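Here the structure comes first, spelled out in structure tokens, and everything after it is commentary.
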Amino acid sequence: MLDQTAVEKLDVEAVNKGAKQNAQPLYAARQKVHPKRAEGTYRRLKWIIMAVTLGIYYITPWLRWDRGPHAPDQAVLIDMANRRFYFFFVEIWPQEFIYIAGLLVMAGVGLFLITSVVGRAWCGYTCPQTVWTDLFLVIERFFEGDRNARIRLDKEPWTGSKIAKKLAKHATWLVIAVATGGAWIFYFADAPTLAYNFATGQAPFIAYATVAVLTATTYVFGGIMREQVCIYMCPWPRIQAAMLDENSLVVTYNDWRGEPRMRGQKKAKAQGLLPGDCVDCNACVAVCPTGIDIRDGQQLECITCALCIDACDAVMDKVGHERGLISYATLADYNHNMRVAMGGENSGAIDPSNVRDQNGNFVDAIRGFKWREMLRLRTIIYTAAWAAIGIALLIALGTRDRLEVNVLHDRNPVFTTLSDGSIRNGYTVKILNMVAEPRTITLTLDGLPGAVMAINGIDAEPGTTFDIPVEPDKLRPLRVFVSQPRDMVAPGSTPFSFIVEEGEAGETDIYNANFEAPE
Amino acid sequence: MADDKKDIDAVSGVETTGHEWDGIKELNNPLPRWWLWTFYATIVWTIGYTIAYPAWPGITGATAGVLGWSSRGQLAEEMDAARAEQAVYLSRIEQADVNAIAADPELVQFAVAGGSSAFKVYCVQCHGSGAAGGEGYPNLNDDDWIWGGTLEDIAWTIRHGIRHEPDLDTRFNDMPAYGRDQILDRDQISDVAWYVRQMSGQEYDEEAAARGAETFEIECSACHGIDGEGVPELGGPRLNDAIWLYGGSHAEIVAQINNPQQGVMPAWGDRLGETTVKQLAVYVHQLGGGQ
């Protein structure tokens with residue numbers, strides 16, 4: 001075993017520790033958390049995820065996508081004014097909102113799936129609150145140094161250098177906050193145009209208001225409130241308990257090999273004590289962004305960011321133990337190993353001699369995580385549901401109509417008798433040309449003997465077929481009068497069809513309408 | 001709690017409220033202080049809000065608020081804005097004649113909307129909300145026009161009314177009461193009625209109709225046309241079609257010849273103004289029967 005003195009014992013206490021809160025006032029002031037910088041596998045993964053998510057957020061509105069001269073060339077655009085949503089090759093009309101709803105359902109099921117497999121991975125890695133807090137912490141460390149320096153600085157009187165550091169930090173935070181709010185609005189209008197108008201003061205008031213609100217929330221949530229948002233404002237920590245089961249991987253302090261925790265293990269051994277692996281260095285507490293002690297067990301405040309795993313692994317490397325004193329583990333494995341450590345009992349003291357053999361290796365009864373545990377009924381059902389919705393959406397998207405006709409029959413009057421005794425019905429026919437190019441749509445009246453139609457505003461002899469030019473990506477409403485000669489009129493209601501066709505693409509749509517005549 | 005001793009939860013070390021449901025105890029964690037401050041901030045906000053906006057009730061009304069905002073005022077502002085937008089179109093409609101309006105799709109859209117809303121206020125009482133009329137009240141959807149169905153004819157009718165005597169340009173005619181004033185006898189009237197049935201393509205008495213044809217030519221054709229095709233310039237209704245204002249049975253036709261009912265319509269020109277009259281004309285014209 002290596003020299004214990006190589007591991008620094010950190011002077012730190014978990015500010016959100018249960019017992020600590022037990023002073024039990026009615027209201028408790030927030031105790032500032034000063035997370036120490038962590039290094040390791042998970043921290044690297046989090047840097048990558050942060051870069052990717054922030055990159056997607058900031059760059060997406062600037063991507064271009066050529067849709068021809070009649071539609072915007074912004075790859076992702078929510079065009080509120082024209083009621084259109086563009087996503088690369090997909091264009092959604094308001095009545096196709098079902099696709100967005102489907103995506104939201106997928107996101108929900110996906111969240112259930114991820115949570116049942118690896119716990120609050122969303123919270124720990126991809127939640128904007130986590131990503132921006134991480135980013136704000138980078139700024140904080142840059143100006144004020146790491147944990148100990150920051151604690152010292154906070155205790156110092158307000159000197160010029162302290163004011164300068166704090167000012168620089170808050171100014172940088174504000175710049176990021178403005179950029180965050182600024183990026184948001186570009187999803188709702190042409191980004192380059194809006195950027196120019198925004199800078200020159202010509203953008204609409206709502207753009208400035210949105211940026212102001214998002215600047216404030218980003219600054220306050222990412223810079224000042226941080227873990228308070230997760231602990232007190234977010235509902236997910238309350239819901240997650242229902243999503244987890246005993247086979248979910250969660251960040252776990254493995255008491256069964258860590259206890260009894262002890263500092264100065266050499267000395268202890270010399271005294272005949274058998275220490276666990278935990279050297280009680282508090283590194284896990286120092287890096288925790290929500291200010292908890294993971295060794296107290298799973299708790300509401302833990303966002304499973306896994307930084308304590310990185311911190312502990314580094315210490316385990318130094319002291320020559322296996323990594324994974326704090327690890328992703330399932331409750332089932334943990335309970336099993338605990339029983340082993342307690343000599344087969346469900347409670348009692350942990351005895352390290354039950355865990356390791358004389359060579360210092362784990363005994364065979366100790367269980368580690370097996371990938372197979374991820375495959376269980378719950379995760380399979382979630383995956384199947386998620387995939388089924390996804391496939392259904394893709395099929396629906398691939399086969400959806402880009403030409404539609406909707407018809408509204410006049411109710412007042414239901415029919416009109418004309419001079420020559422023929423019967424006329426009025427309809428509002430709406431032709432939807434859902435592609436971004438002008439098209440001539442053929443409207444045909446089908447299945448009503450002898451009937452002809454006339455269309456308001458279109459100068460042509462009444463007939464059964466009309467060529468209707470429709471503007472790109474537009475709906476064209478038509479007032480259509482259908483009349484049937486007196487001797488062909490059937491009493492009551494007669495079904496017939498309006499058919500729209502587009503020659504080139506061979507698209508067609510049918511609306512089954514009724515023709516009403518006196519009984 | 002039953003006793004004064006604080007109940008401390010063993011797992012978290014936090015005091016409980018003493019409330020217990022099925023073995024689950026409610027922890028009494030302290031509320032974060034910022035939450036308290038947020039609560040106070042909302043109270044401060046309400047004070048500012050009630051000063052800025054109408055809020056505190058009094059005996060005769062409420063405080064007006066220093067910003068001077070009122071929902072009535074906001075409505076007035078929105079109405080003014082809408083009127084300003086409409087004014088652009090209204091001035092174009094004012095300057096154009098009805099045919100020019102009908103040739104401009106933008107103005108048609110505006111005039112149809114405006115005409116439709118005016119129609120629902122001033123016209124539906126007689127012509128019905130769908131403009132389908134009723135007995136004695138013409139259906140405006142069909143292609144049968146007593147006084148002509150072009151845009152100009154319709155506009156004139158709306159502007160000056162029908163038999164509206166104070167207006168010198170009003171549509172006016174008068175069908176003699178052939179029976180009441182004893183111009184024709186009962187048999188002659190019956191015969192003419194059968195002839196009218198014949199020309200409108202309905203079942204009829206051949207002999208009577210043949211006799212009535214002669215009488216029709218002498219007495220009726222001046223206003224109703226030789227073949228009953230109507231004379232819109234004189235307001236002589238068309239008789240050889242399927243549309244009947246007062247009914248097309250033999251008895252109803254006889255009654256109309258005997259002692260005619262004559263409809264009236266007010267002159268709307270002075271009451272509604274020329275822009276509204278034009279919009280109404282465009283609206284009525286596009287209902288399906290316009291010529």
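Backbone N, Cα and C atoms are what each Cβ position is placed from, and that goes for glycine too.
What TrEMBL says about a protein is an automatic prediction, not a curated fact.
Keep in mind it's a predicted model, so treat the numbers as computed, not measured.
Under the heading transmembrane segment, TrEMBL lists B:34-56.
The average pLDDT computed over the domain 'Cytochrome c' (B:110-200) stands at 95. Taken from TrEMBL, the feature domain 'Cytochrome c' applies to B:110-200 (among others).
Around B:CYS126 (heme c 1 binding site), taking its Cβ as the centre, 15 other Cβ atoms fall within 10 Å, counting all chains. The feature heme c 1 binding site is assigned by TrEMBL to B:CYS123, B:CYS126, B:HIS127, B:MET265.
Taking the Cβ of B:CYS223 (heme c 2 binding site) as reference, residues of its chain lying under 8 Å away and at least six apart in sequence are, in sequence order, B:ASN173, B:MET175, B:VAL231, B:LEU234, B:GLY235, B:GLY236. Residues or ranges marked as heme c 2 binding site by TrEMBL: B:MET175, B:CYS220, B:CYS223, B:HIS224.
Look at TrEMBL and you will find B:207-288 (among others) tagged as domain 'Cytochrome c'.
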Greatest Cα separation in angstrom, residues B:CYS123, B:CYS126, B:HIS127, B:MET265 binding heme c 1 per the record, works out to 11
Across the binding-site residues (B:CYS123, B:MET175, B:CYS220, B:MET265), the Cβ with the fewest other Cβ atoms inside 10 Å is that of B:MET175
In whole Å, the longest Cα-Cα distance within the recorded heme c 2 binders B:MET175, B:CYS220, B:CYS223, B:HIS224 is 10
Cα nearest B:HIS224 (heme c 2 binding site) among binding-site residues (B:CYS123, B:CYS126, B:HIS127, B:MET265) -> B:MET265
Around the Cβ of B:HIS127 (heme c 1 binding site), other Cβ atoms within 10 Å, all chains included, total 20
Residues in the domain 'Cytochrome c' (B:110-200) per DSSP class, helix first, strand next, coil last, are 41 helix, 4 strand, 46 coil
Quick note, B:HIS127 (heme c 1 binding site) and B:CYS220 (heme c 2 binding site): C-alpha atoms separated, nearest Å, by 27
Here the 10 Å Cβ neighbour count for B:HIS224 (heme c 2 binding site) comes out at 22
Taking the centre of the Cβ atoms of B:CYS123, B:CYS126, B:HIS127, B:MET265 as the heme c 1 site, the remaining residues of that chain with Cβ inside 8 Å are B:TYR122, B:VAL124, B:GLN125, B:GLY133, B:TYR137, B:PRO138
